[in-house]
2 protein chains.
Amino acid sequence: MMDIEVEHQLPVEKISATLAQNDRGEFRRVFLELHFYDQARLLIQLDEQQRGKVYRYLSAKELGDMFDELEVNEGNAIAYLKEMNPHQGAMVLSEMYTDNTVDMLSDATSSDLATYLNLLPSGEKNEVRKLLNYEDKTAGALMTTEYVAVSIDDSVGTAMQVIRRLARDAEIIYYVYVQDDAENLIGVVTLRELLSNDKRAMVREIMNPNVYSVFVDDDQADVAQTVREYNFLAMPVVNRAGHLLGIITVDDIIDVIDEESTEDYSGLAGVNVDDLEESPIMAAVHRLPWLITLLILGMSTATLINHFEGLVSEASILAVFISLITGTAGNAGTQSLAVAVRKISVENDRKMIQLIRNEVITGLLIGVVTAIVITVIVGIWKNNFVLGAVIGISMVAAIIVANLAGSLIPILMDKIGVDPAVASGPFISTLSDLTSVMIYFSIARIFLNYLI
Amino acid sequence: MMDIEVEHQLPVEKISATLAQNDRGEFRRVFLELHFYDQARLLIQLDEQQRGKVYRYLSAKELGDMFDELEVNEGNAIAYLKEMNPHQGAMVLSEMYTDNTVDMLSDATSSDLATYLNLLPSGEKNEVRKLLNYEDKTAGALMTTEYVAVSIDDSVGTAMQVIRRLARDAEIIYYVYVQDDAENLIGVVTLRELLSNDKRAMVREIMNPNVYSVFVDDDQADVAQTVREYNFLAMPVVNRAGHLLGIITVDDIIDVIDEESTEDYSGLAGVNVDDLEESPIMAAVHRLPWLITLLILGMSTATLINHFEGLVSEASILAVFISLITGTAGNAGTQSLAVAVRKISVENDRKMIQLIRNEVITGLLIGVVTAIVITVIVGIWKNNFVLGAVIGISMVAAIIVANLAGSLIPILMDKIGVDPAVASGPFISTLSDLTSVMIYFSIARIFLNYLI
């Protein structure tokens, strides 16, 4: 039985020992038993000199398998590739799955990119060049070209032969795509179905002609949604003419889902939670621009209160409730924002208007209940129900406006093409501070005589 | 070529027509061509009378395939099952994958549960009973028992026969688990590897003995993390003795990842974004409890400002900057919270202390820069650099405290066993309102003479 804790421990010391003793055989014996992902994790714990030996002790294919995992899981895999001479580096790149090769090269400087491309075998070079041209976060940028395809005229037996031949190199062999003579994607058959049928049966009889596919320029979030709904292990990618160009496997979809949810989450908080290893200095540098921007927006609220300073000096009791109103409205607005951003990613236009309408109505209901509660509390506490009513009315109005902002702003941003996740929680709550104060003091001024 | 837009359109009218004409043959012809997920989507668009015909026109196995998708994608699948008589319902349940059967029955009332369990074949009944007992959100609650296993003494040829036999019923046939006589999980071999080897080779020669597994009581988030890192299509689940109990497939892992990220996101905003169809009234009902709680917490801030009311009436300029300080500190605290919640899910204890320390240092750096900016702005605006310094110093202190709260509180909650995602953004910012005000007025009081 394998304890999951034990399995995750890497034999770092043992490997270091084999490297120190220049024992190529023993190193290979221990290292190649590890899962590729663990090989990658171990590599980054070695120093540069040790890694140099690792590059010499492993074949290009073995390094390629490891670098596949390095690229997917580490941000800066190309730095490790550059520790080898360019010829070896290019060989390793050609042994990797093409989607990972492309990801690694898209992080390279233009001169490094040119160097490696020139050293790749020409077939690979063209494939990589094509994939590099796809826009980030589209199906084309995610796909790989190592898939299994058969002709519609093939038999099950022929298909099985193709699979056996490609078993080591294809990224996935469990879905077999069916093409006609013009290389159009016209069907799919699973390995499961092939195994359930006699060798002499024809692919065209057992294939599923209603094959789901995505266009090469489809947004990655839409691709992820389809995989999620239909539980596919891979999606074929076609161009507008229907030619099969590549496939996206479910593990890459999981990475997309993680990326999209991290973006939503980051947007709500106004901070990028992706880089978990950054130092406090880098964290401060990253967060400051947005915070200073919000500070300046907050200054307009200060300017507004300043405009009403006379009012406050006459009825200083008003200062007591500033943060209560701004805070409650801010909380409500953040809730509306969170719901709106989540809905935008899955719904269409007509529903957006309904969303705004619903959020405003929700704000009204919440506001009325909150207003009644606060009117009673303040009225009893300060023995002044006019004051209570002022706070209560301000509360209702502030909450409705905050909910409106929280739902409308991300929708508008989505319309003009900006990622709605950028309309962060802090922005909405700082904006609602401004509107809440404006409402509060305007109402208070009307009833000033009852508040002094 | 299939346009993804076209593929997602359901032949609702055509199906409705076949049902209206009681044309069983034509209905089956059109309906059974659809992907199971599309069948489920179509079913819920029919009315009860139409669905009654659907249940009569399809076999238990066909209904089972559709209900598998219904359960995964719709919240209330059991309501549809109850439209059939219990005997048919139980037959459909037994044709579903066991993990989905268990999910559906865990939504049932106890009397419905008892009814269906009694009608299940006894083998299935025991399996379902066992799985129902696993705690929600653990590996045991996610797993299914339809996997492929072979003995360590089997040959590749024997393994392929087992696969062919189970090809229709196993949830996944691409990973084959290897057991010894005592049913311990001792290895795994992929279908890819089986196809790459001669029929006479032995499973024990080609299998991977370092098989990754999870314990039946492991947390679902940990299971998802392992699948994510190693790109598995399925994870075997074992008990503490090492016996293979079931498997979790990657599509269920995707659902777990979605669930966990929705929880984090909801927690940050203080609102449950899961139910996207709720009416404004229900939305208000769900959000009010938390908002009222925060309102009462906000009252303590009001009480605090009230304590300082004399100070404000003497230097009403102070009221101008209340929301600026509380707002900026609140924004910073929310950022710390977001980072902390995200890190807690992937890191260990020692790193938690480092996290808090880093957030406080980040707060100090942010605070100092913000303080300098605001001191200059206020000093010039109000021609009073003491006032500026008071605002600046308050700002620094308020931000540091907010960052401390934003990172410490979720960690403490995680320690006492509460989901840190509950420590929502609104809670941290409302709390930081309190601390910010306390700091602000305490400092202001010291320098009161320079502010009048």
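Even glycines carry a Cβ here, placed using N, Cα and C.
Feature annotation (TrEMBL): of B:225-247, B:317-339, the stretch labelled transmembrane segment is B:317-339.
Listed stretches B:360-381, B:387-413, B:425-448 were compared with the transmembrane segment (B:288-305); the greatest number of C-beta pairs under 8 angstroms is found for B:425-448. Sequence-distant contacts of the transmembrane segment (B:387-413) (same chain, at least 6 residues past either end, Cβ-Cβ under 8 Å): 317, 321, 324-326, 328-330, 332-337, 339-341, 344, 352, 355-356, 359-360, 362-364, 366-368, 370-372, 374-379, 419-423, 427-429, 431-432, 435-436, 439-440, 443-444, 447, 450-451. Across all of the domain 'CBS' (B:207-263), the predicted model scores a mean pLDDT of 91. The helix, strand and coil residue counts that DSSP assigns across the domain 'CBS' (B:143-206) are 20 helix, 18 strand, 26 coil.
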